[in-house]
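Shown next, in C-alpha coordinates, is the structure this report addresses.
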Amino acid sequence: MAGGHFGPAGVAKERAGQYQGRVTFSVIIACVVAAVGGSLFGYDIGISGGVTSMDGFLLKFFPGVYEKKQHAHENNYCKYNNQGLSAFTSSLYLAGLVASLVASPVTRIYGRRASIICGGVSFLVGATLNASAINLAMLLLGRIMLGVGIGFGNQAVPVYLSEMAPTHLRGALNMLFQLATTAGIFTANMVNYGTQKLEPWGWRLSLGLAAVPAVLMTVGGIVLSETPNSLIERGMQDEGRKVLEKIRGTKNVDAEFEDMVDASELANSIKHPFRNILTKRNRPQLVMAILLPAFQILTGINSILFYAPVLFQSMGFGGNASLYASAVTGGVLCSSTFITIATVDRVGRRFLLISGGIQMITCQVIVSVILRLKFGDDQHLSKGFSVLVVVMICLFVLAFGWSWGGLGWTIPSEIFPLETRSAGQGITVAVNLLFTFAIAQSFLSLLCAFKFGIFLFFACWVLVMTVFVYFFLPETKGVPIEEMIFMWRKHWFWKRIVPGNPNVEDGSTELGERAQRTTE
(Lines of atoms letter the chains of each structure in order from A; the text may use other names.)
(Lines give C-alpha, C1' and ligand atoms only; values in the text may rest on other atoms or scores of the structure.)
Protein backbone atom coordinates (compact mmCIF):
# COMPACT_ATOMS: atom_id res chain seq x y z
CA MET A 1 0.00 0.00 0.00
CA ALA A 2 1.03 3.62 -0.39
CA GLY A 3 3.57 4.72 2.16
CA GLY A 4 4.48 1.16 3.06
CA HIS A 5 1.46 0.54 5.32
CA PHE A 6 -0.20 -2.86 5.12
CA GLY A 7 -3.52 -2.80 6.94
CA PRO A 8 -5.29 -6.02 7.76
CA ALA A 9 -8.18 -5.38 5.41
CA GLY A 10 -8.52 -2.25 3.31
CA VAL A 11 -6.83 1.08 3.92
CA ALA A 12 -4.58 2.09 6.81
CA LYS A 13 -5.74 5.68 7.33
CA GLU A 14 -9.12 7.29 7.83
CA ARG A 15 -9.47 9.99 5.16
CA ALA A 16 -13.26 10.25 5.06
CA GLY A 17 -13.26 13.86 6.21
CA GLN A 18 -11.19 14.84 3.19
CA TYR A 19 -13.54 13.34 0.58
CA GLN A 20 -14.99 15.95 -1.76
CA GLY A 21 -17.44 15.96 -4.61
CA ARG A 22 -21.13 16.17 -5.34
CA VAL A 23 -23.86 14.07 -6.87
CA THR A 24 -23.35 14.45 -10.61
CA PHE A 25 -25.63 13.70 -13.52
CA SER A 26 -23.09 11.10 -14.69
CA VAL A 27 -23.26 9.02 -11.51
CA ILE A 28 -27.06 9.18 -11.38
CA ILE A 29 -27.41 7.99 -14.98
CA ALA A 30 -24.84 5.23 -14.43
CA CYS A 31 -26.61 4.00 -11.29
CA VAL A 32 -30.08 4.13 -12.85
CA VAL A 33 -29.00 2.18 -15.93
CA ALA A 34 -27.06 -0.38 -13.88
CA ALA A 35 -29.97 -0.86 -11.49
CA VAL A 36 -32.11 -2.13 -14.37
CA GLY A 37 -30.38 -5.44 -13.63
CA GLY A 38 -32.57 -5.67 -10.54
CA SER A 39 -35.67 -5.65 -12.71
CA LEU A 40 -34.61 -9.01 -14.16
CA PHE A 41 -34.62 -10.55 -10.70
CA GLY A 42 -37.89 -8.88 -9.79
CA TYR A 43 -39.68 -9.73 -13.02
CA ASP A 44 -38.90 -13.40 -12.64
CA ILE A 45 -39.98 -13.49 -8.99
CA GLY A 46 -43.28 -11.86 -9.88
CA ILE A 47 -43.97 -13.75 -13.10
CA SER A 48 -43.54 -17.28 -11.75
CA GLY A 49 -46.49 -17.31 -9.36
CA GLY A 50 -48.96 -15.96 -11.91
CA VAL A 51 -47.83 -18.32 -14.67
CA THR A 52 -48.06 -21.39 -12.42
CA SER A 53 -51.71 -20.56 -11.68
CA MET A 54 -52.73 -20.25 -15.36
CA ASP A 55 -54.77 -23.15 -16.70
CA GLY A 56 -53.07 -23.11 -20.13
CA PHE A 57 -49.61 -23.44 -18.56
CA LEU A 58 -50.70 -26.21 -16.18
CA LEU A 59 -52.45 -28.18 -18.94
CA LYS A 60 -49.33 -27.96 -21.12
CA PHE A 61 -46.70 -28.95 -18.57
CA PHE A 62 -48.41 -30.08 -15.32
CA PRO A 63 -51.75 -31.72 -16.16
CA GLY A 64 -51.79 -33.53 -12.82
CA VAL A 65 -51.81 -30.23 -10.94
CA TYR A 66 -54.55 -28.94 -13.23
CA GLU A 67 -56.73 -31.93 -12.37
CA LYS A 68 -56.21 -31.42 -8.62
CA LYS A 69 -57.07 -27.74 -9.01
CA GLN A 70 -60.48 -28.64 -10.47
CA HIS A 71 -61.57 -30.72 -7.49
CA ALA A 72 -64.37 -28.98 -5.68
CA HIS A 73 -63.71 -30.46 -2.22
CA GLU A 74 -60.10 -30.79 -1.28
CA ASN A 75 -57.56 -29.60 1.24
CA ASN A 76 -57.20 -25.87 0.57
CA TYR A 77 -53.59 -25.86 1.67
CA CYS A 78 -52.47 -28.78 -0.52
CA LYS A 79 -54.10 -28.31 -3.92
CA TYR A 80 -50.88 -27.05 -5.58
CA ASN A 81 -48.44 -29.34 -3.77
CA ASN A 82 -46.36 -30.73 -6.64
CA GLN A 83 -42.56 -31.02 -6.70
CA GLY A 84 -42.41 -30.68 -10.49
CA LEU A 85 -44.27 -27.40 -10.34
CA SER A 86 -41.96 -26.24 -7.55
CA ALA A 87 -38.95 -27.23 -9.66
CA PHE A 88 -40.13 -24.87 -12.42
CA THR A 89 -39.81 -21.98 -9.97
CA SER A 90 -36.77 -23.12 -8.02
CA SER A 91 -34.51 -24.41 -10.84
CA LEU A 92 -33.63 -20.85 -11.79
CA TYR A 93 -32.22 -20.10 -8.35
CA LEU A 94 -30.08 -23.22 -8.19
CA ALA A 95 -28.53 -22.24 -11.54
CA GLY A 96 -28.07 -18.71 -10.26
CA LEU A 97 -26.24 -19.99 -7.19
CA VAL A 98 -23.61 -21.73 -9.33
CA ALA A 99 -23.39 -18.80 -11.75
CA SER A 100 -22.79 -16.29 -8.95
CA LEU A 101 -19.64 -18.13 -7.90
CA VAL A 102 -18.40 -18.17 -11.50
CA ALA A 103 -19.26 -14.47 -11.81
CA SER A 104 -17.02 -13.48 -8.89
CA PRO A 105 -13.65 -13.91 -10.69
CA VAL A 106 -15.16 -12.46 -13.89
CA THR A 107 -16.23 -9.35 -11.98
CA ARG A 108 -12.82 -8.99 -10.39
CA ILE A 109 -10.60 -9.74 -13.40
CA TYR A 110 -12.64 -8.25 -16.25
CA GLY A 111 -14.65 -5.60 -14.41
CA ARG A 112 -18.19 -5.02 -13.20
CA ARG A 113 -19.50 -4.19 -16.69
CA ALA A 114 -18.41 -7.58 -18.07
CA SER A 115 -20.57 -9.43 -15.55
CA ILE A 116 -23.52 -7.11 -16.21
CA ILE A 117 -23.30 -7.84 -19.95
CA CYS A 118 -22.99 -11.61 -19.37
CA GLY A 119 -26.06 -11.48 -17.15
CA GLY A 120 -28.13 -9.61 -19.71
CA VAL A 121 -27.24 -11.96 -22.59
CA SER A 122 -27.95 -15.08 -20.51
CA PHE A 123 -31.31 -13.75 -19.41
CA LEU A 124 -32.23 -12.90 -22.99
CA VAL A 125 -31.52 -16.49 -24.08
CA GLY A 126 -33.54 -17.85 -21.17
CA ALA A 127 -36.54 -15.65 -21.91
CA THR A 128 -36.52 -16.78 -25.54
CA LEU A 129 -36.39 -20.47 -24.58
CA ASN A 130 -39.21 -20.10 -22.04
CA ALA A 131 -41.52 -18.23 -24.38
CA SER A 132 -41.09 -20.84 -27.12
CA ALA A 133 -40.98 -23.97 -24.89
CA ILE A 134 -42.71 -27.02 -26.32
CA ASN A 135 -41.79 -29.47 -23.55
CA LEU A 136 -40.73 -29.49 -19.91
CA ALA A 137 -37.02 -29.97 -20.72
CA MET A 138 -36.97 -26.83 -22.87
CA LEU A 139 -38.85 -24.94 -20.18
CA LEU A 140 -36.37 -25.93 -17.47
CA LEU A 141 -33.37 -25.16 -19.73
CA GLY A 142 -34.74 -21.66 -20.22
CA ARG A 143 -35.12 -21.29 -16.46
CA ILE A 144 -31.51 -22.36 -15.98
CA MET A 145 -30.30 -19.70 -18.43
CA LEU A 146 -32.38 -17.14 -16.57
CA GLY A 147 -30.63 -18.31 -13.41
CA VAL A 148 -27.23 -17.75 -14.98
CA GLY A 149 -28.29 -14.22 -15.86
CA ILE A 150 -29.49 -13.51 -12.35
CA GLY A 151 -26.30 -14.97 -10.86
CA PHE A 152 -24.13 -12.59 -12.88
CA GLY A 153 -26.42 -9.58 -12.51
CA ASN A 154 -26.96 -9.86 -8.76
CA GLN A 155 -23.24 -10.36 -8.25
CA ALA A 156 -22.13 -7.31 -10.20
CA VAL A 157 -24.87 -4.68 -9.96
CA PRO A 158 -24.89 -4.04 -6.16
CA VAL A 159 -21.09 -3.79 -6.16
CA TYR A 160 -21.22 -1.41 -9.14
CA LEU A 161 -23.73 0.82 -7.37
CA SER A 162 -21.78 0.87 -4.09
CA GLU A 163 -18.54 1.80 -5.85
CA MET A 164 -20.03 4.53 -8.03
CA ALA A 165 -22.08 6.24 -5.31
CA PRO A 166 -20.64 9.02 -3.10
CA THR A 167 -20.38 7.99 0.55
CA HIS A 168 -23.19 10.18 1.89
CA LEU A 169 -25.71 8.84 -0.66
CA ARG A 170 -24.45 5.28 -1.09
CA GLY A 171 -27.47 3.76 0.64
CA ALA A 172 -30.02 5.67 -1.43
CA LEU A 173 -28.33 5.04 -4.77
CA ASN A 174 -27.74 1.38 -3.92
CA MET A 175 -31.46 1.10 -3.21
CA LEU A 176 -32.06 1.70 -6.91
CA PHE A 177 -31.32 -2.02 -7.32
CA GLN A 178 -34.17 -2.82 -4.93
CA LEU A 179 -36.41 -0.25 -6.61
CA ALA A 180 -35.79 -1.89 -9.99
CA THR A 181 -36.41 -5.31 -8.41
CA THR A 182 -39.73 -4.26 -6.91
CA ALA A 183 -40.72 -2.46 -10.12
CA GLY A 184 -39.99 -5.71 -11.96
CA ILE A 185 -42.22 -7.63 -9.53
CA PHE A 186 -45.06 -5.14 -9.92
CA THR A 187 -44.72 -5.14 -13.71
CA ALA A 188 -44.79 -8.94 -13.76
CA ASN A 189 -47.96 -8.99 -11.63
CA MET A 190 -49.68 -6.55 -13.96
CA VAL A 191 -48.54 -8.52 -17.01
CA ASN A 192 -49.94 -11.70 -15.49
CA TYR A 193 -53.21 -9.94 -14.72
CA GLY A 194 -53.52 -9.12 -18.41
CA THR A 195 -52.19 -12.30 -20.00
CA GLN A 196 -54.31 -14.67 -17.90
CA LYS A 197 -57.21 -13.54 -20.11
CA LEU A 198 -55.32 -14.75 -23.21
CA GLU A 199 -55.72 -18.46 -22.61
CA PRO A 200 -54.23 -20.82 -23.55
CA TRP A 201 -51.10 -18.95 -24.70
CA GLY A 202 -50.96 -15.97 -22.35
CA TRP A 203 -48.23 -17.61 -20.26
CA ARG A 204 -45.87 -17.46 -23.27
CA LEU A 205 -46.22 -13.69 -23.45
CA SER A 206 -45.62 -13.39 -19.69
CA LEU A 207 -42.39 -15.37 -19.87
CA GLY A 208 -41.23 -13.82 -23.15
CA LEU A 209 -41.51 -10.22 -21.97
CA ALA A 210 -38.54 -10.90 -19.67
CA ALA A 211 -36.48 -10.15 -22.81
CA VAL A 212 -37.22 -6.42 -22.42
CA PRO A 213 -35.23 -5.82 -19.20
CA ALA A 214 -32.61 -8.28 -20.49
CA VAL A 215 -31.98 -6.09 -23.55
CA LEU A 216 -31.86 -2.96 -21.38
CA MET A 217 -29.33 -4.56 -19.04
CA THR A 218 -27.12 -5.74 -21.92
CA VAL A 219 -27.11 -2.36 -23.65
CA GLY A 220 -26.56 -0.63 -20.31
CA GLY A 221 -23.54 -2.80 -19.59
CA ILE A 222 -22.06 -1.82 -22.96
CA VAL A 223 -22.49 1.95 -22.60
CA LEU A 224 -21.77 2.36 -18.86
CA SER A 225 -18.48 3.61 -17.46
CA GLU A 226 -16.50 1.09 -15.42
CA THR A 227 -16.16 1.90 -11.71
CA PRO A 228 -12.96 3.73 -10.71
CA ASN A 229 -12.31 1.03 -8.08
CA SER A 230 -12.29 -1.70 -10.72
CA LEU A 231 -10.13 0.30 -13.14
CA ILE A 232 -7.54 1.06 -10.45
CA GLU A 233 -7.56 -2.55 -9.24
CA ARG A 234 -6.79 -3.67 -12.81
CA GLY A 235 -3.83 -1.26 -13.14
CA MET A 236 -5.54 1.58 -15.05
CA GLN A 237 -4.96 4.31 -12.47
CA ASP A 238 -5.05 7.28 -14.85
CA GLU A 239 -8.33 6.16 -16.37
CA GLY A 240 -9.69 5.36 -12.92
CA ARG A 241 -8.90 8.87 -11.69
CA LYS A 242 -10.57 10.43 -14.74
CA VAL A 243 -13.75 8.45 -14.08
CA LEU A 244 -13.62 9.37 -10.38
CA GLU A 245 -13.27 13.08 -11.21
CA LYS A 246 -16.16 12.81 -13.67
CA ILE A 247 -18.59 11.12 -11.28
CA ARG A 248 -17.64 13.36 -8.33
CA GLY A 249 -17.73 16.57 -10.39
CA THR A 250 -14.37 17.85 -9.13
CA LYS A 251 -10.65 17.34 -9.69
CA ASN A 252 -10.02 17.46 -5.95
CA VAL A 253 -10.41 13.71 -5.35
CA ASP A 254 -6.96 13.02 -3.89
CA ALA A 255 -8.17 11.52 -0.60
CA GLU A 256 -10.69 9.13 -2.16
CA PHE A 257 -8.26 8.24 -4.95
CA GLU A 258 -5.52 7.42 -2.41
CA ASP A 259 -7.91 5.13 -0.52
CA MET A 260 -8.69 3.33 -3.77
CA VAL A 261 -5.01 2.99 -4.68
CA ASP A 262 -4.18 1.67 -1.22
CA ALA A 263 -7.03 -0.81 -1.39
CA SER A 264 -6.10 -1.93 -4.91
CA GLU A 265 -2.48 -2.62 -3.95
CA LEU A 266 -3.64 -4.87 -1.16
CA ALA A 267 -6.28 -6.44 -3.41
CA ASN A 268 -3.70 -7.29 -6.07
CA SER A 269 -1.50 -8.97 -3.47
CA ILE A 270 -4.34 -11.42 -2.74
CA LYS A 271 -4.21 -14.26 -5.24
CA HIS A 272 -7.08 -16.30 -3.78
CA PRO A 273 -9.89 -14.01 -2.54
CA PHE A 274 -12.16 -16.89 -1.50
CA ARG A 275 -9.38 -18.33 0.65
CA ASN A 276 -8.52 -14.91 2.05
CA ILE A 277 -12.12 -14.21 3.01
CA LEU A 278 -11.94 -17.11 5.47
CA THR A 279 -9.16 -15.47 7.50
CA LYS A 280 -9.90 -14.05 10.93
CA ARG A 281 -9.59 -10.42 9.88
CA ASN A 282 -12.50 -10.92 7.45
CA ARG A 283 -14.70 -12.87 9.88
CA PRO A 284 -17.34 -10.15 10.50
CA GLN A 285 -17.88 -9.52 6.79
CA LEU A 286 -18.13 -13.25 6.09
CA VAL A 287 -20.73 -13.70 8.82
CA MET A 288 -22.80 -10.87 7.37
CA ALA A 289 -22.40 -12.19 3.80
CA ILE A 290 -23.90 -15.49 4.94
CA LEU A 291 -26.54 -14.45 7.48
CA LEU A 292 -28.01 -11.29 5.92
CA PRO A 293 -29.05 -12.87 2.60
CA ALA A 294 -30.26 -15.99 4.44
CA PHE A 295 -32.35 -13.86 6.78
CA GLN A 296 -33.73 -11.87 3.86
CA ILE A 297 -35.29 -15.03 2.41
CA LEU A 298 -36.34 -16.43 5.80
CA THR A 299 -38.66 -13.46 6.26
CA GLY A 300 -40.99 -15.47 4.02
CA ILE A 301 -41.29 -12.69 1.44
CA ASN A 302 -40.36 -14.86 -1.53
CA SER A 303 -43.05 -17.38 -0.63
CA ILE A 304 -45.63 -14.62 -0.92
CA LEU A 305 -44.12 -13.15 -4.09
CA PHE A 306 -43.55 -16.50 -5.85
CA TYR A 307 -46.87 -18.00 -5.00
CA ALA A 308 -49.09 -14.98 -4.31
CA PRO A 309 -51.79 -16.04 -6.83
CA VAL A 310 -51.54 -19.65 -5.66
CA LEU A 311 -51.64 -18.57 -2.01
CA PHE A 312 -54.65 -16.33 -2.48
CA GLN A 313 -56.47 -18.99 -4.51
CA SER A 314 -55.77 -21.45 -1.71
CA MET A 315 -57.48 -18.99 0.64
CA GLY A 316 -60.58 -19.00 -1.51
CA PHE A 317 -60.00 -16.01 -3.80
CA GLY A 318 -61.10 -16.52 -7.38
CA GLY A 319 -58.57 -16.66 -10.21
CA ASN A 320 -58.94 -12.99 -11.20
CA ALA A 321 -59.18 -11.85 -7.60
CA SER A 322 -56.01 -13.71 -6.64
CA LEU A 323 -54.01 -12.14 -9.47
CA TYR A 324 -55.41 -8.73 -8.56
CA ALA A 325 -54.45 -9.21 -4.90
CA SER A 326 -50.92 -10.24 -5.88
CA ALA A 327 -50.66 -7.17 -8.14
CA VAL A 328 -51.60 -5.01 -5.16
CA THR A 329 -48.85 -6.56 -3.01
CA GLY A 330 -46.37 -5.98 -5.84
CA GLY A 331 -47.39 -2.33 -6.03
CA VAL A 332 -47.01 -1.93 -2.27
CA LEU A 333 -43.53 -3.48 -2.38
CA CYS A 334 -42.45 -1.15 -5.17
CA SER A 335 -43.73 1.98 -3.44
CA SER A 336 -42.16 0.99 -0.11
CA THR A 337 -38.70 1.23 -1.65
CA PHE A 338 -39.08 5.01 -1.86
CA ILE A 339 -39.30 5.08 1.94
CA THR A 340 -35.87 3.50 2.15
CA ILE A 341 -34.38 5.77 -0.51
CA ALA A 342 -35.58 8.82 1.44
CA THR A 343 -34.48 7.63 4.89
CA VAL A 344 -31.62 5.12 4.67
CA ASP A 345 -28.84 7.74 4.71
CA ARG A 346 -30.59 9.73 7.44
CA VAL A 347 -31.87 7.28 10.05
CA GLY A 348 -29.41 4.51 9.15
CA ARG A 349 -29.59 0.83 8.24
CA ARG A 350 -30.14 -0.59 11.74
CA PHE A 351 -33.26 1.44 12.53
CA LEU A 352 -34.96 0.39 9.29
CA LEU A 353 -34.11 -3.29 9.77
CA ILE A 354 -35.32 -3.41 13.38
CA SER A 355 -38.54 -1.42 12.82
CA GLY A 356 -39.34 -3.44 9.71
CA GLY A 357 -38.77 -6.68 11.61
CA ILE A 358 -41.21 -5.70 14.36
CA GLN A 359 -43.94 -4.85 11.84
CA MET A 360 -43.38 -8.07 9.86
CA ILE A 361 -43.70 -10.22 12.99
CA THR A 362 -46.96 -8.49 13.96
CA CYS A 363 -48.52 -8.96 10.52
CA GLN A 364 -47.52 -12.62 10.23
CA VAL A 365 -48.96 -13.48 13.64
CA ILE A 366 -52.26 -11.77 12.81
CA VAL A 367 -52.58 -13.61 9.47
CA SER A 368 -51.82 -16.92 11.17
CA VAL A 369 -54.49 -16.33 13.83
CA ILE A 370 -57.11 -15.43 11.20
CA LEU A 371 -56.39 -18.55 9.17
CA ARG A 372 -56.44 -20.71 12.30
CA LEU A 373 -59.81 -19.44 13.48
CA LYS A 374 -61.65 -18.68 10.23
CA PHE A 375 -60.18 -20.90 7.51
CA GLY A 376 -60.24 -24.70 7.44
CA ASP A 377 -59.25 -27.37 4.95
CA ASP A 378 -62.40 -27.01 2.86
CA GLN A 379 -63.64 -23.54 3.83
CA HIS A 380 -63.48 -20.12 2.25
CA LEU A 381 -62.66 -16.92 4.06
CA SER A 382 -65.51 -14.45 4.36
CA LYS A 383 -65.16 -11.23 2.38
CA GLY A 384 -64.31 -9.22 5.49
CA PHE A 385 -61.56 -11.54 6.66
CA SER A 386 -60.24 -11.90 3.10
CA VAL A 387 -59.78 -8.15 2.93
CA LEU A 388 -58.09 -8.16 6.35
CA VAL A 389 -55.67 -10.89 5.23
CA VAL A 390 -54.74 -8.90 2.12
CA VAL A 391 -54.24 -5.75 4.24
CA MET A 392 -51.99 -7.60 6.69
CA ILE A 393 -49.96 -9.14 3.87
CA CYS A 394 -49.61 -5.70 2.26
CA LEU A 395 -48.38 -4.24 5.57
CA PHE A 396 -45.93 -7.14 5.84
CA VAL A 397 -44.70 -6.49 2.30
CA LEU A 398 -44.46 -2.75 3.04
CA ALA A 399 -42.25 -3.41 6.08
CA PHE A 400 -40.07 -5.83 4.13
CA GLY A 401 -39.69 -3.30 1.32
CA TRP A 402 -38.32 -0.55 3.53
CA SER A 403 -36.07 -2.87 5.53
CA TRP A 404 -34.74 -6.26 4.50
CA GLY A 405 -35.77 -5.95 0.86
CA GLY A 406 -33.07 -3.54 -0.21
CA LEU A 407 -30.75 -3.53 2.78
CA GLY A 408 -30.24 -7.28 2.50
CA TRP A 409 -28.36 -6.45 -0.72
CA THR A 410 -26.96 -3.02 0.17
CA ILE A 411 -25.12 -3.87 3.39
CA PRO A 412 -23.14 -6.89 2.09
CA SER A 413 -22.13 -4.95 -1.03
CA GLU A 414 -20.60 -2.10 0.99
CA ILE A 415 -18.81 -3.80 3.89
CA PHE A 416 -16.06 -5.78 2.11
CA PRO A 417 -12.59 -4.40 1.40
CA LEU A 418 -11.65 -4.30 -2.26
CA GLU A 419 -9.49 -7.43 -2.13
CA THR A 420 -12.47 -9.61 -1.15
CA ARG A 421 -15.37 -7.51 -2.48
CA SER A 422 -16.17 -9.63 -5.53
CA ALA A 423 -15.76 -12.85 -3.57
CA GLY A 424 -17.91 -11.50 -0.75
CA GLN A 425 -20.67 -10.45 -3.11
CA GLY A 426 -20.44 -13.86 -4.79
CA ILE A 427 -21.03 -15.53 -1.42
CA THR A 428 -23.91 -13.16 -0.67
CA VAL A 429 -25.65 -13.95 -3.95
CA ALA A 430 -24.95 -17.69 -3.62
CA VAL A 431 -26.44 -17.84 -0.11
CA ASN A 432 -29.43 -15.76 -1.17
CA LEU A 433 -30.12 -18.03 -4.13
CA LEU A 434 -29.52 -21.19 -2.09
CA PHE A 435 -32.18 -20.18 0.42
CA THR A 436 -34.42 -18.90 -2.36
CA PHE A 437 -34.14 -22.29 -4.05
CA ALA A 438 -34.86 -24.14 -0.80
CA ILE A 439 -37.93 -22.05 0.02
CA ALA A 440 -39.24 -22.10 -3.56
CA GLN A 441 -38.88 -25.88 -3.75
CA SER A 442 -40.38 -26.58 -0.32
CA PHE A 443 -42.98 -23.87 0.21
CA LEU A 444 -45.95 -25.70 -1.31
CA SER A 445 -45.12 -28.76 0.79
CA LEU A 446 -44.59 -26.59 3.90
CA LEU A 447 -47.94 -24.90 3.26
CA CYS A 448 -49.59 -28.31 3.03
CA ALA A 449 -47.90 -29.54 6.23
CA PHE A 450 -47.91 -26.40 8.43
CA LYS A 451 -51.17 -24.87 7.14
CA PHE A 452 -51.72 -21.58 9.02
CA GLY A 453 -48.50 -22.25 10.96
CA ILE A 454 -46.41 -21.37 7.91
CA PHE A 455 -46.71 -17.70 8.88
CA LEU A 456 -45.64 -18.42 12.47
CA PHE A 457 -42.65 -20.34 11.10
CA PHE A 458 -41.43 -17.28 9.24
CA ALA A 459 -42.33 -14.94 12.13
CA CYS A 460 -39.96 -16.85 14.40
CA TRP A 461 -37.13 -16.32 11.91
CA VAL A 462 -37.89 -12.60 11.69
CA LEU A 463 -37.61 -12.42 15.48
CA VAL A 464 -34.20 -14.12 15.37
CA MET A 465 -32.85 -11.79 12.69
CA THR A 466 -34.16 -8.65 14.41
CA VAL A 467 -32.34 -9.62 17.61
CA PHE A 468 -29.19 -10.37 15.57
CA VAL A 469 -29.24 -6.92 13.95
CA TYR A 470 -29.69 -5.22 17.33
CA PHE A 471 -26.64 -6.88 18.86
CA PHE A 472 -24.24 -7.67 16.01
CA LEU A 473 -24.75 -5.38 13.01
CA PRO A 474 -22.87 -2.05 13.28
CA GLU A 475 -24.22 1.06 11.55
CA THR A 476 -22.65 1.60 8.12
CA LYS A 477 -24.36 4.92 7.37
CA GLY A 478 -21.81 7.51 6.30
CA VAL A 479 -18.80 5.15 6.46
CA PRO A 480 -16.65 5.29 3.27
CA ILE A 481 -16.62 1.95 1.49
CA GLU A 482 -12.83 1.65 1.67
CA GLU A 483 -12.75 2.46 5.41
CA MET A 484 -15.19 -0.13 6.77
CA ILE A 485 -12.38 -1.86 8.65
CA PHE A 486 -12.43 0.93 11.25
CA MET A 487 -16.15 0.34 11.87
CA TRP A 488 -15.54 -3.29 12.87
CA ARG A 489 -12.71 -2.27 15.21
CA LYS A 490 -15.09 -0.02 17.15
CA HIS A 491 -17.97 -2.51 17.53
CA TRP A 492 -18.43 -3.99 21.02
CA PHE A 493 -18.26 -7.60 19.76
CA TRP A 494 -16.31 -7.60 16.50
CA LYS A 495 -13.39 -5.59 17.94
CA ARG A 496 -12.43 -8.77 19.81
CA ILE A 497 -11.90 -10.50 16.47
CA VAL A 498 -10.72 -7.75 14.13
CA PRO A 499 -7.27 -6.43 15.14
CA GLY A 500 -7.08 -2.85 16.32
CA ASN A 501 -3.50 -2.29 15.16
CA PRO A 502 -3.43 -1.75 11.38
CA ASN A 503 0.09 -3.18 11.19
CA VAL A 504 -0.40 -6.30 13.30
CA GLU A 505 -2.79 -9.21 13.21
CA ASP A 506 -2.85 -12.23 15.49
CA GLY A 507 0.64 -11.40 16.70
CA SER A 508 2.05 -11.16 13.18
CA THR A 509 4.49 -8.42 12.24
CA GLU A 510 3.98 -6.24 9.22
CA LEU A 511 6.70 -8.21 7.45
CA GLY A 512 4.97 -11.49 8.29
CA GLU A 513 1.66 -10.22 6.99
CA ARG A 514 3.28 -9.07 3.77
CA ALA A 515 4.84 -12.49 3.29
CA GLN A 516 1.52 -14.18 4.05
CA ARG A 517 -0.33 -12.08 1.46
CA THR A 518 2.30 -12.81 -1.13
CA THR A 519 1.70 -16.54 -0.70
CA GLU A 520 -2.07 -16.04 -0.76
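Placement of Cβ uses the backbone N, Cα and C atoms for every residue, glycine included.
What TrEMBL records for 23-43, 84-102, 114-134, 140-161, 173-191, 203-224, 286-309, 321-344, 351-373, 385-405, 426-446, 452-473 is transmembrane segment. Per TrEMBL, the feature domain 'Major facilitator superfamily (MFS) profile' maps to 30-477.
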Worksheet, complete the sentence: Contact set of the transmembrane segment (84-102) with the rest of its chain, CB cutoff 8 A exclusive, min separation 6+ beyond the ends, reads 44, 48-49, 52, 61-62, 65, 122, 136, 139-140, 143-152, 154-155, 306, 426, 429-430, 433-434, 436-438, 440-445
Discussion item. Quick check for me: are there 3+ Cβ pairs below 8 Å between the transmembrane segment (426-446) and the transmembrane segment (140-161), leaving out pairs under 6 residues apart?
Written reply: yes
Worksheet item: Taking the transmembrane segment (23-43) as reference, which of 114-134, 173-191, 321-344, 351-373, 385-405 has the most Cβ pairs under 8 angstroms?
Response: 173-191
Worksheet item: For the domain 'Major facilitator superfamily (MFS) profile' (30-477), what is the mean per-residue pLDDT, to the nearest integer?
Response: 84
Worksheet entry | Intrachain residues whose Cβ lies under 8 Å of the transmembrane segment (140-161), provided they are six or more past its termini | 31, 34-35, 37-38, 40-41, 44, 87-88, 91-104, 106-107, 112-113, 115-116, 118-131, 133, 173-174, 176-177, 207, 210, 214, 217, 224, 227, 409-410, 412-413, 421-422, 425-426, 429, 432-433
Worksheet item: Other than its close neighbours in sequence, what residues sit by the transmembrane segment (351-373), given a CB gap under 8 Å and a spacing of at least six beyond its ends?
Response: 299-300, 315, 340, 343-344, 381, 385, 388-389, 392-393, 395-396, 398-400, 402-404, 407, 451-456, 458-459, 462-463, 465-466, 469-470, 473
Worksheet entry | Chain residues in Cβ proximity to the transmembrane segment (114-134) (below 8 Å; excluding those fewer than six residues from its ends, i.e. six or more beyond) | 34, 37, 40, 61, 99, 103, 106-107, 141-157, 160, 204-205, 207-211, 213-222, 224
